[in-house]
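**Student:** Reproduced below are the annotations present in Swiss-Prot:
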COMPBIAS  78-94  compositional bias 'Low complexity'
COMPBIAS  299-322  compositional bias 'Polar residues'
CROSSLNK  120  SUMO2 cross-link
MOD_RES   15  phosphoserine
MOD_RES   21  phosphoserine
MOD_RES   41  omega-N-methylarginine
MOD_RES   154  phosphoserine
MOD_RES   280  phosphoserine
REGION    1-29  region 'Disordered'
REGION    68-143  region 'Disordered'
REGION    171-204  region 'SM 1'
REGION    268-333  region 'Disordered'
REGION    343-356  region 'SM 2'
């Protein structure tokens, strides 16, 4: 193939120039582009300075705008426009280029248009400022305290009334199972999610039941809660009265014991006086009296020692048994116990709020 092409080229170079066939003539109607592509020599172009385009789309854009999209064509177009002295058409980049048939610009008209544009921009700025009100720096803050008055005419509006008038509210709180307790205090702030902040709060609550007692325990209600609280208060009063009675009995017993000790000391003093008086008694009688008193004291001490030893042994055994039993037994937990406490301030989440009503 290469040899044939070389031979054709050498033959063409040696032979005189022939007129191109109509199939290879670009200006003829019978032009065959496929044959021109595979021809050994490029067909002659009647316009040597014609621009070259990469594709058909670039050629179509050149026909619409008169400016080539590529850098080479753009530079060539600029150079051609500068050389010919004809102003170029406006390009796609937005640069102002006058067409050949466009009239000369009027400077007075341009000045009038600029003045109108400036006045319009100033008017639009004033209107926007009037609509927006104060600027961003002067914008009123938006927070929970500013949003609370906007809930007038709704249940949240009643909460805002309680804040203004200082009315106490009762907030019923729940756990994962049911009612937990009641918080009574003064409302300070709230939001649309029923999150609340209270001060000077008195809470009555019961700890949640866990473990196996959770399955057996019945649901807590307000009546059960406050009935249990009353029962605890009454039992506490009874325990206090019993402790007062025991304290009074102990004080009486201590008084009687002091009286007995005083009487014993008095008897001892009288015995000493009689002993002094009995010095005049004969020595034989004194010796017999001493022996009798010693025998009586020894008998009493043996009895008391035996009884004390037996008593201490029996008490020790009972105490050891009681301690072992206490160790085996688990401490009993009262799940129904109700607690009360006072809190200076508290935050309650809205998901834990069951009911809110005014305190009587």
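Count begins at 1; order follows the chain as displayed.
A Cβ is built for glycine as well, from the same backbone N, Cα and C atoms used for every other residue.
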**Student:** Six or more residues out from either end of the region 'SM 1' (171-204), which same-chain residues have a Cβ under 8 Å from its Cβ atoms?
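**Tutor:** Residues 144-145, 147-148, 151, 156, 159-160, 162-163, 214, 219-222, 225-226, 229, 338-350, 352-356, 359 contact the region 'SM 1' (171-204) from elsewhere in the chain.
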**Student:** Residue 154 (phosphoserine) to residue 21 (phosphoserine): how many Å between their Cα atoms?
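**Tutor:** Approximately 95 Å lies between the Cα of residue 154 (phosphoserine) and that of residue 21 (phosphoserine).
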**Student:** Whole-number Å distance between the CA of residue 21 (phosphoserine) and the CA of the residue listed as 'omega-N-methylarginine'?
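**Tutor:** Cα-Cα, rounded: 12 Å.
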**Student:** Within a 10 Å radius of its Cβ, which of these modified residues (21, 154) has the fewest neighbouring Cβ atoms?
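**Tutor:** Ranked by other Cβ atoms within 10 Å, the modified residues 21, 154 bottom out at 154.
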**Student:** Write out how many residues of the region 'SM 2' (343-356) are helix, how many strand and how many coil, based on DSSP.
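**Tutor:** So the counts come to 3 helix, 10 strand, 1 coil.
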**Student:** With helix taken as DSSP H, G or I, strand as E or B and everything else coil, how many residues of the region 'SM 1' (171-204) land in each class?
**Tutor:** 0 helix, 25 strand, 9 coil
**Student:** Per DSSP, residue 21 (phosphoserine) is which: helix, strand or coil?
**Tutor:** coil
**Student:** Looking only at Cβ atoms, how many others are within 10 Å of the one on residue 41 (omega-N-methylarginine)?
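**Tutor:** I count 11 other Cβ atoms within 10 Å of it.
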**Student:** Return the average pLDDT for the region 'SM 1' (171-204) as a whole number.
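**Tutor:** Mean per-residue confidence for the region 'SM 1' (171-204): 91 out of 100.
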